[in-house]
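Listed features, source TrEMBL:
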type     : residues : note
DOMAIN   : 38-119   : domain 'Ig-like'
DOMAIN   : 127-248  : domain 'Ig-like'
DOMAIN   : 271-363  : domain 'Ig-like'
DOMAIN   : 368-481  : domain 'Ig-like'
SIGNAL   : 1-23     : signal peptide
TRANSMEM : 493-515  : transmembrane segment
TRANSMEM : 527-550  : transmembrane segment
TRANSMEM : 556-579  : transmembrane segment
TRANSMEM : 599-616  : transmembrane segment
TRANSMEM : 628-645  : transmembrane segment
């Protein structure tokens, strides 16, 4: 027994080794890759021996996102995920030599992760993993707090490069005073160019030479003056990247007062509101407060003679910039800026005057959140006649009431599908091909969801759709691809039963005519053909309508048509010339059922369905005239039913006599 198990293990080992020798080995890098942000990276993937009929699939392992595909002797950029369009490329001339490496350009922070290169060749496959472990960013940090100094003191403004970039690879560091864009000091190609400094800072600004190899580019400003107060920016350039940090220098006049502002730049939402802080610790008398932009000296707001002066504001800030007037007496001169726009980014100066003294502070709006619109990452599929939803959502702090316009367009021909403007859907402006078929989800709009419902999809609807959003002077868009797949298996089944009913009826009718032409009136074959002609087409149509109701969800039409086709054979078989072939009890049942029960069942089913359908429409109809008309129609139908029953009985009576 032990010998047998040992023998089996040896065979399995031999099999594994043999199988491996017949395959190929896909190789990758020896370790994780560290690549520069915004640069390019080669993700290695290769085999020692060239392969034939290869297929190469590059994917991310965390999300199975398709980065690139090589198949049938060519790369397939159309199959790539949109995030890698025009960024990921094969070395196509090297594929035949077994090099399946990928060139990833314009590397982003979100490109970090593990990538799988899987190679298929002649029913064999192997793979390797490539990890982008760190996307190197250029990070520059300053001081979180304002730096204070008195006249004549020396002060240090902090600036350090916090990244793996070595100081010798740093191309340039510039210190500037943002108020007026004054060059304080320039460091370039490992040299300090003091002569390029503005004359107000020449011989007063210097770097700490011994600290530069550590990535420390802090500025020493000697003999501080009153006019030195303001915001200073340290701007660093390295390897095609740039970053900056700001430091606020507050110069304290011991004989006056100190106007204070925020500890750092402000980040505010587009379309929202922002408070620009400006205050003193001790309340002042007879104050004048002037808010201006430092880049253009535009007057944002003015407080003078005990009241705010909106008439003095620049037109861009009318009804948007406001003082907290009840707080002025307590030393709070902050400004409320409403409905923030992208162009509001910049540095603002709050200058306070009181009894021949003055002081100021600077407030920087560093970043206004942009308008971000997202759609669907994947193509949307639909069959003929189905309804489909094309996704579009605004992913930002912009409230829907601040969104000026959303337009859905089919890019092929720039066809306007639907327009949403000033909080209203303008359906009449839609192209006639989409009028009455395109709508938004009204209840979802307050949530920033502007997805489009396209009803009764047609073959010609296939294509790329763009959702374009306008808000606060900004615009953004997202695209969704609609793939129309044709008929479903249910639709094909409906067509099959319809074809079977039509062709079967024609075939049976021709057979019946042929048999009668042979003078076989009493033949049981004719009886069989007539019964088949009565039942088979109607049963096929009954099944077709059942499936049609299942696929289209049209309950009212389905019930009505199914009732009609299942009851029709009873009426038709009663009129056959060969009714004598049936037994007496069957003939009696058919005669009884054909008039009373057939009419009753059909009337109940059809009229109840029509009533339910009409009631559903009337319940949502705001037009009282149409409601009254619908009600009168149903009353007429109910009252006319007995008359129809009598008329039908009279018709069947005379028909039976003729038979």
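Quick reminder: no glycine exception, Cβ is built from N, Cα and C everywhere.
Counting residues per DSSP class in helix, strand and coil order gives 15 helix, 42 strand, 36 coil for the domain 'Ig-like' (271-363).
Across the domain 'Ig-like' (127-248), DSSP helix (H, G, I), strand (E, B) and coil residues number 15 helix, 63 strand, 44 coil. Note on the domain 'Ig-like' (368-481): its mean pLDDT in the predicted model is 84. Secondary structure counts, DSSP: the domain 'Ig-like' (368-481) has 15 helix, 52 strand, 47 coil. The residues of the domain 'Ig-like' (38-119), classed with DSSP into helix (H, G, I), strand (E, B) and coil, number 15 helix, 33 strand, 34 coil.
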